[in-house]
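According to Swiss-Prot, the protein carries these features:
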COMPBIAS  31-67  compositional bias 'Basic and acidic residues'
COMPBIAS  93-122  compositional bias 'Basic and acidic residues'
COMPBIAS  141-156  compositional bias 'Low complexity'
COMPBIAS  190-200  compositional bias 'Basic and acidic residues'
COMPBIAS  257-273  compositional bias 'Basic and acidic residues'
COMPBIAS  295-313  compositional bias 'Acidic residues'
COMPBIAS  320-330  compositional bias 'Basic and acidic residues'
MOTIF     483-511  motif 'Q motif'
DOMAIN    514-692  domain 'Helicase ATP-binding'
BINDING   ALA527, LYS528, THR529, GLY530, SER531, GLY532, LYS533, THR534  ATP binding site
MOTIF     640-643  motif 'DEAD box'
DOMAIN    703-867  domain 'Helicase C-terminal'
COMPBIAS  869-882  compositional bias 'Basic and acidic residues'
COMPBIAS  889-902  compositional bias 'Basic and acidic residues'
COMPBIAS  913-924  compositional bias 'Acidic residues'
Amino acid sequence: MADAIEIEEMMLEDRDIAVVLEVPTRRRRSRERDYRDRRDDSYDDRARRRREDSTDSWSRSRGDENRGQTPRSDSGAKVHDAPKASAPAAQTEEQKKAERLAKLEAWKKKMAEDKERKEKELAAGGTRKLLDDIDQKANGSSSQPSPNTPTTPSTSAISGDLAPTNYAGKFDPKAIAKKAVASSSSAHALGRDLPLKELSKTSATLTSTVKGLQADKKPTAFNSTSKVSALPKTRGNLSVFGLGAKVTDNEKTYQKRALDFDEDEGSRKKLEKLPTLPMANSKEDDAALANGIEGQDDDDDAELEAAGTEEEAAAAARAAAEKREERLQEAESQPHTNGDVHMEDAPQADSTAMDEDEEIDPLDAFMEEMGDPFSLPKSNTTFVKNNTKSQPQEPEALFGDDDVDLKALDADPDEILAIANKARKKKDIPTINYANLNLPPFRKNFYTEPAELVDMTEAEINDLRLELDGIKVAGKDVPKPVQKWSQCGLDVKSLDVIKKLGYDKPTSIQMQAIPAIMSGRDVIGVAKTGSGKTIAFLLPMFRHIRDQRPLKNSDGPIGLIMTPTRELATQIHKECKPFLKAMGLRAVCAYGGAIIKDQIADLKRGAEIIVCTPGRMIELLAANSGRVTNLQRVTYVVLDEADRMFDMGFEPQVMKVFNNIRPNRQTILFSATMPRIMDALAKKTLQSPVEIVVGGRSVVAPEITQIVEVREEKEKFHRLLELLGELYNADEDARTLIFVDRQEKADDLLKDLMRKGYPCMSIHGGKDQVDRDSTIDDFKAGVVPIMIATSVAARGLDVKQLKLVVNFDAPNHLEDYVHRAGRTGRAGNTGTAVTFITEEQEQYSVGIAKALEQSGQEVPERLNEMRKSYKDKVKSGAKKESSGFGGKGLERFDAEREATKARERKIHKLNGDDDEEEKEEKDDDVLLKAASVVQPASASTAPPKLLGVPKGIDLDGDIKVHRTETAASSSGSKNPLDKVTSAIDAINARLNKTGQLRSGVPIDNKGPDAGAFHATLEINDFPQKARWAVTNRTNVAKILEATGTSITTKGSFYPAGKEVQAGGDPKLYILVEGDTEVVVTNAMRELMRLLKEGTMAAADAEGRAPASGRYTVT
């Protein structure tokens, strides 16, 4: 402590009297600045080192009550005491000035040497080596032990001993800048081992030793804050306990410097924190102030600023790089003419930024090379572009809005329609060329003729077939009929299941069909309903499948059974289950209306048998480009109800499936009816078939009692109630199946029977498949004793205890009658089939009478008369006979659907284009020509062009607006009123005569509120959707508001086929009245547009779901 005081006293001798006298004032100002400085917060490393010196001196002199000023944070912290102590004699002014000039000259000489040496090192080793050397030098000078405190109070000794050390390290601007981070850089970046805390203490000791040589005589220098404002000021509160925090700050500062000059590319990204030019100037000013130099000339300033040349160049290069990046970004934001970005523009920015230098400095070149990675955080796009110069630039146009060529599609309706049709086109089944496939052979013939049949003669075989319900066979080498199950060539497992099911012996069709199928022949089997045709083709299929190798993961089924209805497919699948469990086989039932994903999952798990409908089979084959299943392994194909399968409704789909099956398959066709017209279609898929007919073609089983009654429509329901009452009085457990011709009729009859107390359910194609399945299950289980159905339940449905079948609506052909009646009297049981027929349905009498004759029952006299009357009309050409087959197929529905959608596209045009507006005007002109005059029923008109438009209505005619006729006045003149009266009488006469409207004049258009002009439009025979479109309140209100007319719906609705009685109301029509002909025409135009749209909507709905009814959501 004493040594420090002595040194301070020696330093005070160098000050003049004026400075000493100003100490009290400067103490107060110093305290105030010290208080401010402690509150301020900055982090300049050089100033912090000086603050360490100040703190050390402050702590040593704290016990002295006459302590000097607080060390100043800007210039290096001068410490002095206020009291005047004994000191050597004061030096003269000339000596002090000479000493200062000597110090300045020495400092300038050293700075020049350092500058020359740095330039040489820069040219030889580069910036990196120079910076490492500077750090090493600064660290080395700081880590040297400080000289001991002198004990002699000699001013000259102090000056002579300490001056070289002081000016060698303290007043070097680069050394001052590096000393603050020397310890951290040596510990981390440069690999030195000096502890941070010890280094701080050493630096503090060295600084406190040379305090007296740093003193500044000018008190005004402490007020300079413009250049030192960035330096840290929080120094007054720190003591020895604050050194740890100070070391942490030094470590943080070093981390920035280490990132600046490290060779790692990732660290270079943070080069923004390099020291800048103003900081270097601030250091130089601090050095000048510390030496008391005033009024330095420009040459001195230039020499002092030379130390910052390298950092200044680095900052300039970095600024140039940033400006170049900004120019590139601005250029990219500008719209380009061609969308290409030329990467050669980057060097031009370099040259522009560096125009001041004629030659490229090596340091600038080096920093320029390091500049590209620095620009990555600024713009990632530039970095990517620099690495992809050789690649084409087209992808950049995809992500920008500049110069994008947007070409509108051609709005040609034909092309758009073609594209839409192509997109809506269903996927076709992948075709398989079996000629190129090497498929393994399979075995067909499993039958060995039993010994009992070998010795039978031809006559004995014919007698046997005659006894078996008159079996008729056709074909070559037809096997002899068997008489028991053991002769069929079946395996033991099949025979065990047959025994458990209680089948004592085969039926007639089974006795002849099973040996023929087991022999590997293609078979056509026709037998009466309920004769066991399903078992006849199932048993040989099981034997056929078990003979082949097991399925692999990608294999499809081996046996394929197709049926026309979903209910029949479900029933066949149920009959397979007892055999499948015993033989370890798997079967899948696939039909429309059910969830397809479950069926696909079952097929992927593997199934030897698939029972399906043709439509769903095509969907499965086309699903997922044919990877769901395939028909390559199918060798056994069955078509149940083959007459319907080869009708025009199913034949295209069936043949599409057949074309994907191997040609040497075995094909079996079964049905209860097989018209002759179906033979040609059926036999083209068979090879040398065996035809088996049991009991005749299309014959009702003799066990069924057939009753045909000719009744009026209103009498049918009462007669039905009588039949149901008689049946359930005799047998409460009996079942009744009622057939109707339309879905709406089924639901109406259901409501009527429910009101009468009969529990019943209905089934038709308009219901969901889940409802249809549950209804049949409940009917079979006896939950409901009565079921109302359309012809979807006419084929294949097998229900025990079904005693009565009622044809509430007569079937339209013979085969349908046979299948309907065949739902009862199955498997040898008896049943009754009652058929109602009206006088208007004489065309159906021919098939019903023929069925009665073929089954050996008497034809009622009234039915026979109707048949003869219809045949006479056919001969005369008035009527055309129909067989019930040869429909138009499913392609008709697709064609109608496409035509309807095409018409809708023409009508519903979007506004906005002149061409479309012109087309709309043309459409309006066409609508103006639509007819409003109701023609008589007897008038001959051209066939309607739009599907659903009734005959007698011409929507392509002219709208005729009539002037309203007024009643004759009794006080008027006779001559003009006679004509009016006669016209009215003529009109009334015509209306009373025919009950129809004529010339567009309504029967009640005579009142005082009648408009001056009127027109009429008959809507009775249009579809329900069309009628609703022109009569609902919303549409009518819009027309009334737009035209100011009066629109009234008049007449009565008459169902199809019912004519207007004499004196009755006319058919349903719309009356439009208005004051002018123009408003009436406009209203009629709008009504006809709505009517036409409704008609097309009805036709489209019918095309989408041809078998649907009231349950279809459109």
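The count begins at 1 with the first shown residue.
Cβ coordinates are placed from backbone N, Cα and C, and glycine is handled just like the others.
Everything Swiss-Prot records as a feature, shown here on the structure.
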{"residue": "ALA527", "record": "ATP binding site", "Cβ within 10 Å": "29"}
{"residue": "LYS528", "record": "ATP binding site", "Cβ within 10 Å": "27"}
{"residue": "THR529", "record": "ATP binding site", "Cβ within 10 Å": "26"}
{"residue": "GLY530", "record": "ATP binding site", "Cβ within 10 Å": "21"}
{"residue": "SER531", "record": "ATP binding site", "Cβ within 10 Å": "24"}
{"residue": "GLY532", "record": "ATP binding site", "Cβ within 10 Å": "17"}
{"residue": "LYS533", "record": "ATP binding site", "Cβ within 10 Å": "25"}
{"residue": "THR534", "record": "ATP binding site", "Cβ within 10 Å": "20"}
> When you average the Cβ positions of ALA527, LYS528, THR529, GLY530, SER531, GLY532, LYS533, THR534 for the ATP site, which other residues in that chain have a Cβ within 8 Å of that mean position?
Replying inline: THR507, ILE509, ALA672, ARG826
>> Let's see if you can do this one: DSSP helix, strand and coil counts over the compositional bias 'Basic and acidic residues' (320-330), in that order.
In response: 11 helix, 0 strand, 0 coil
> Can you count helix, strand and coil residues in the motif 'DEAD box' (640-643) using DSSP?
Replying inline: 2 helix, 1 strand, 1 coil
> For ALA527 (ATP binding site), which DSSP three-state class applies?
Replying inline: strand
> Mean pLDDT, the domain 'Helicase ATP-binding' (514-692)?
Replying inline: 88
